[in-house]
Each structure stands twice: as structure tokens, then as C-alpha cells.
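Read the structure below first, then the notes.
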Amino acid sequence: MGQSCLRPLSFLPLRSSNSRPFSTASTEFSILCSQGYLKEAFNKFSFLIWDNPSHFSYLLQSCIQKKSVSLTKQLHSLILTSGCFKDKFVSNHLLNAYSKLGQLDTAVSLFDKLPKRNVMSFNILIGGYVHIGDLDSASKLFDEMGERNLASWNAMITGLTQFEFNEKALSLFSQMHGLGYLPDAFTLASVLRGCAGLKDVNKGRQVHGCVLKLGLENHLVVASSLAHMYMKSGRLSEGEIVIKSMPAPTVAAWNTLIAGKAQNGCFEGTLELYNLMKIAGFRPDKITFVSVISSCSELATIGQGQQIHSEVIKTGAISVVAVVSSLISMYSKCGCIDEAEKIFEEREEADIVLWSAMISAYGFHGRGKNAVGLFHRMEQEGLVPNDVTFLSLLYACSHSGMKDEGLEFFNCMVEKYNVEPQLVHYTCVVDLLGRAGRLQEAEALIRSMPVKPDAVMWKTLLSACKVHKNADMARSIAEEVLRIDPQDSASYVLLANVHASAKRWKYVSEVRKSMRDRGVKKEPGISWLELKNQVHHFIIGDKSHPQSEEVDVYLKELIAELKLEGYVPDTGSVLHDMDLEEKEHNLVHHSEKLAIAFALMNTPESFPIRIMKNLRICGDCHVAIKYISKIKKREIIVRDASRFHHFKDGCCSCGDYW
């Protein structure tokens with residue numbers, strides 16, 4: 001802008017020499033300021049400021065838009081020398097400019113020197129504190145206010161919900177309501193966000209009642225926040241009712257509905273809504289794509305995922321980091337690691353999120369060496385890894401039997417990058433040690449680490465006890481898990497498996513009795529696959545699939561063929577004391593074997609088979625699928641609850657680290 005722009009006000013003419021009407025000049029002045037032409041506005045219409053100092057507000061607002069601290073300081077000097085600082089309207093705009101530009105120390109100093117403060121002065125500074133996350137200072141200033149208005153309450157409530165102090169926000173709303181303040185749409189949207197954060201549907205319904213009393217149920221922001229609250233609280237149907245009752249649903253409203261479905265595990269419903277959204281004439285945006293791509297990841301529906309990928313490219317959303325990261329994850333979770341690599345290499349930005357996503361993809365597929373290589377490449381490019389990067393890296397090492405490398409990376413994380421280990425990082429180290437058979441060392445780490453262990457960590461060690469058939473240690477570790485989560489069915493099953501392997505049928509019976517007494521039910525194993533855009537599910541003992549009888553016959557013949565090649569069913573892992581034939585029948589009808597048999601019957605020869613399973617694949621199925629891949633000359637990719645297993649020519653990429 002230059003010094004010539006801000007001449008001392010005493011040099012300005014006392015009266016306008018401009019013949020144009022004052023209102024017209026004022027309009028032109030405001031337009032120039034809004035477009036960022038401060039110098040031209042000031043030089044051409046400086047007489048306006050002399051006639052009415054409130055015009056400083058346009059200049060200061062333009063400084064905020066241009067993010068110029070230096071111009072703000074020049075105007076500040078002019079305001080002081082002209083004596084306009086005594087004008088509350090002008091001084092508040094100056095305070096607002098410093099606050100919005102991140103110059104909070106200057107704003108505080110200015111606030112302390114204000115000759116006359118009003119509610120607006122306090123609100124501006126409270127907003128500045130909230131903007132930098134200093135809620136303590138904001139609360140202190142709020143408490144010092146002699147007079148408040150609705151904007152004061154909104155600033156505090158919004159700040160508290162923004163930083164997830166949701167209980168405090170709801171308490172403040174209750175206090176505000178008790179003092180007779182009437183909330184507006186802004187207040188209600190913030191409070192509903194707080195209810196959503198707490199997943200407190202009861203308080204949310206109370207706020208819903210307030211919305212109805214005020215007649216704001218059709219306000220787009222309020223209705224979207226209301227739907228979001230119900231969705232986050234697991235009340236999908238109530239959220240849908242709110243969205244569908246909106247007079248003119250927006251893309252944001254559809255996104256709320258779609259994201260709510262995805263967050264509550266209704267992945268098929270998410271994709272259905274996505275199609276309905278497009279039929280209704282709405283164009284998906286980056287937020288929509290993240291939700292639907294994530295749903296394809298969970299369902300492992302590669303066909304639909306590829307279609308959505310095409311739509312992402314058409315809409316130009318392929319440059320958005322969150323969308324690209326979701327695509328990498330989707331292709332990885334659908335078993336297409338090569339496609340994930342291609343997307344990563346074609347990325348437009350060198351963002352740490354994308355590097356971490358690709359490292360995670362390698363780990364999920366048991367490609368530990370690729371993950372480590374990518375990490376070193378990332379370091380060479382000058383990117384600084386974060387806690388997510390190291391979590392992905394430790395996971396990759398754990399599932400590739402790279403114990404020593406994993407421990408080195410854990411130390412590197414702490415010593416070189418000063419990343420404080422979280423519970424999930426320690427869990428990965430326990431897994432590393434457990435898989436290597438160092439069970440006592442893993443337990444010692446759990447008992448000595450600075451964070452409190454959770455059920456997942458103990459269960460990780462319990463799983464290692466099963467692998468290494470340490471029944472005595474398994475019992476003590478199971479007690480630790482069940483002390484934290486007595487309803488965790490997986491822990492009972494793991495413990496029973498350990499005892500069954502050791503033929504300790506008495507202990508197996510005790511475990512099963514304990515499950516019955518506590519009302520714990522074993523989660524059924526479910527396997528599924530996508531074929532011609534249709535998802536087929538298989539569960540042991542379930543005859544609902546239209547081809548279930550043919551699958552049973554085919555599977556029986558297949559197992560006989562496997563036995564001729566040397567396959568021996570691992571009956572030791574069956575949890576019941578029954579005769580050998582019954583045990584074998586039980587093993588044969590595991591859900592992943594049923595799904596693979598169906599795929600072999602319904603897909604062309606040499607066509608890769610991709611199976612998804614909700615639980616960990618058992619040892620017997622792992623061995624059997626190796627034989628199937630060899631005999632049928634098929635690549636078989638199985639995604640279980642832990643990772644991917646790639647079977648080909650009688651071998652598995654995960655080796656002994658599944």
C-alpha cells in the first residue's frame with residue numbers, strides 16, 4: 001500500500017471537494033475496500049473518513065481479507081493520531097482486525113487501553129481466545145463480563161464444542177437458558193454438535209424440542225446438525241426422518257445422512273443412499289466420496305469402488321488428499337495392492353497422510369519390506385513421520401516377522417522424532433514380541449509401560465499364547481482381559497482353543513460354562529465375496545444361500561481331493577470333545593471354505609478369488625487354502641479381521657506370520 005496511502009489525517013481536506021452525493025461515494029468506497037483496493041479507496045475517498053470515522057471499518061475489514069498485519073498497524077497509527085480511537089465502533093473494528101490476524105497479544109494490549117469497552121469488545125477478544133484454543137482465558141473473560149448478549153454465549157458454547165469440551169458446553173447452554181436468553185440457529189447447531197460428540201441422544205432430544213418450539217426445524221444448518229446428532233448417537237431412523245422432512249435437502253444434508261450410515265456400520269445402506277442422492281440430482285463432493293469409498297473398503301466391493309473412482313476423476317476430486325487416501329485404503333482392503341500403489345505414485349501432493357496410507361496398505365498385505373523401503377524413501381524426501389506413520393510401520397513389521405526392525409523403529413520414533421508412544425504403539429510391540437515367542441518379555445512390557453493396558457493389548461498377548469500353545473500363561477492373561485471386558489467373546493474362544501489344542505477338555509468345558517453363565521455368545525464366522533456386483537454371505541450351518549446344497553456337495557469332493565495331495569485336517573483346534581468324523585465335518589464347513597467353494601463353482605478358471613471374513617482365519621483353513629490354490633491353480637486372497645493373506649501355488653505371502 002505504501003506510506004503515501006496513509007497520510008496524516010490533518011492533511012485531508014476539511015470538506016469534500018467531490019460533487020458526488022455522500023451516499024454514492026460511500027458505496028464506491030466500500031466496494032473498493034471489499035475488492036482489496038485499499039490504496040485507491042483511501043486516496044480517492046479519504047474525505048469520507050474525515051466526515052465519518054466509521055469508514056475505517058471498511059479499511060480494517062479489507063486488511064483482514066488481505067491478511068495484512070502491516071497495513072493494520074498503519075491504520076492503527078492513523079486512528080490514534082486522528083483521535084478516532086475514542087470511537088467505540090472504530091476501536092472495536094481495530095481490535096477485531098488484530099484478533100482475526102492472529103495478533104492476540106496486541107489485541108489484549110489494545111483491549112486493556114480501550115477508553116470505552118462494550119459487549120462487542122469482550123465478544124471480539126473471547127472469539128480471539130477461542131480461535132487459538134485458549135479456552136481458559138476465554139472463560140475468564142466471559143466470567144468478567146458485566147453485560148452479555150447472545151453472541152457472548154454463542155462464542156463460548158461454540159468454542160467449547162469445537163474443542164470437544166461438550167459437557168461444559170451443554171452446562172453453559174443450560175445456564176444460558178435458565179437466565180432467559182433465547183437461543184438462535186447458531187446456538188442450537190453448536191449444542192447439537194456437543195450432544196453428537198457425547199452421543200447423548202436424550203439431551204439431543206431435549207434440544208430437538210427447543211428447536212420445534214422456536215420453529216427452526218426447517219433451518220438447513222439446524223436440521224443438518226440435528227440429523228448428525230441422531231446419526232452419531234446410533235439413531236439412524238430418526239436422523240433419516242429429519243433429513244427427509246427438510247423442505248430442500250442440500251448436499252450437506254445428504255452427506256450427513258451418508259456419513260451417519262457409514263459411521264454406524266451400515267455400509268450397504270451408505271451405497272444405496274449414494275445412488276439415491278445422484279438420482280435426486282445432487283452432485284457428490286469430496287465429503288460424500290470419503291464416506292462411500294470407506295464403505296466400499298469395509299464391504300470389499302471392488303466393482304462399486306472402481307465405479308466411484310471413475311466418478312471421483314470426473315468431478316476433479318482426485319486432487320483431494322482425503323479422497324486419494326480413501327482410494328488407497330479401498331483398493332488395499334479389496335486386495336488390489338497394485339492399484340493402491342498406482343494411485344499413490346500418481347498423487348499430486350507429497351502429503352504425510354498419503355505416505356502413511358500406503359505404508360499401512362503394505363502392512364495389511366504382509367509386505368513389511370515394502371513398507372520399510374517406503375518409509376526410508378519418505379525420509380529422503382524430507383517428510384516428517386507422525387504417530388500414524390509409525391503405527392502403520394510397526395504393524396507392517398509385526399505381520400512380516402520383522403521383530404528386530406520393528407523394535408528399532410519404535411526406538412527411532414521416540415529418540416529421533418520425539419513422538420510419544422500411545423497405547424496402540426505399545427500394542428504393536430507386544431504383538432512383535434508375542435509372535436517371536438518372547439511371551440514373558442511381552443508381559444513384562446505391558447506391566448511396566450507408562451500407559452494403562454486395555455483389553456485389546458492383553459488379547460494380543462493371549463493370541464500369541466495360543467500360537468505358541470502356552471496354556472498356563474493363557475489362563476492368567478485371559479483373566480486380565482476378562483477383568484476389563486467380561487463380555488469379550490473372542491477371549492473365551494482363544495482360551496478354549498489353547499486348552500483344546502492341549503486336549504484339556506475339562507478346562508474347555510469350564511470356559512464354555514463361564515460363557516453361558518455370563519450370557520456371552522460366540523460371534524459367528526461370516527465370509528463374503530462380491531460377484532457381478534452382488535455380495536454373497538456364508539455362515540457355518542446356514543442353508544439360506546440358494547446354492548448351499550451344491551456348495552456342500554462340491555466342498556466334500558474338494559476336501560477329498562485335498563487329502564489325496566497330503567492335506568490333514570487340524571482337528572486339534574475344534575473346541576468340542578467329539579469323534580474325528582464330527583470334528584472334520586465342523587472344520588470343512590468353516591465359512592471361508594464355503595465361500596471359496598462357491599467362488600470356484602461360479603468364476604472362470606484362473607480368475608482370482610477374493611474372500612472377506614469378519615474373524616481371524618483359523619490354522620486349518622490357512623493350510624487348506626494353500627492346497628486349494630495349488631490344486632485349482634487359483635490365486636486366492638483372503639482378508640480376515642487382522643490382515644490379508646495371498647495364496648498362490650500352494651504358498652502364502654504371510655508365511656508363518658498370519
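Using N, Cα and C of the backbone, Cβ positions are placed for all residues, glycine too.
TrEMBL entries are annotated by machine, without manual review.
Feature annotations, courtesy of TrEMBL:
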type	residues	note
REPEAT	87-117	repeat 'PPR'
REPEAT	118-152	repeat 'PPR'
REPEAT	250-284	repeat 'PPR'
REPEAT	351-385	repeat 'PPR'
REPEAT	386-421	repeat 'PPR'
DOMAIN	566-658	domain 'DYW'
Restricting to the repeat 'PPR' (351-385), report the mean pLDDT as a whole number. 93
If one takes Cβ-Cβ under 8 Å and requires six or more residues beyond its ends, the residues near the repeat 'PPR' (118-152) are 88, 91-92, 95-96, 98-100, 102, 104, 107-108, 111, 158-160, 162-163, 165, 181-184, 187
Per the Cβ under 8 Å criterion, with at least 6 residues separating them from its ends, the repeat 'PPR' (87-117) contacts 53-54, 56-57, 60-61, 63-64, 67-69, 72, 75-76, 79, 124-125, 127-129, 131-132
Checking distant contacts: for the repeat 'PPR' (351-385), what same-chain residues at least six beyond its ends satisfy Cβ-Cβ under 8 A? 321-322, 324-325, 328-329, 331-333, 337, 340-341, 344, 392-393, 395-402, 405, 409, 413, 417, 419, 643-646, 653-655, 657
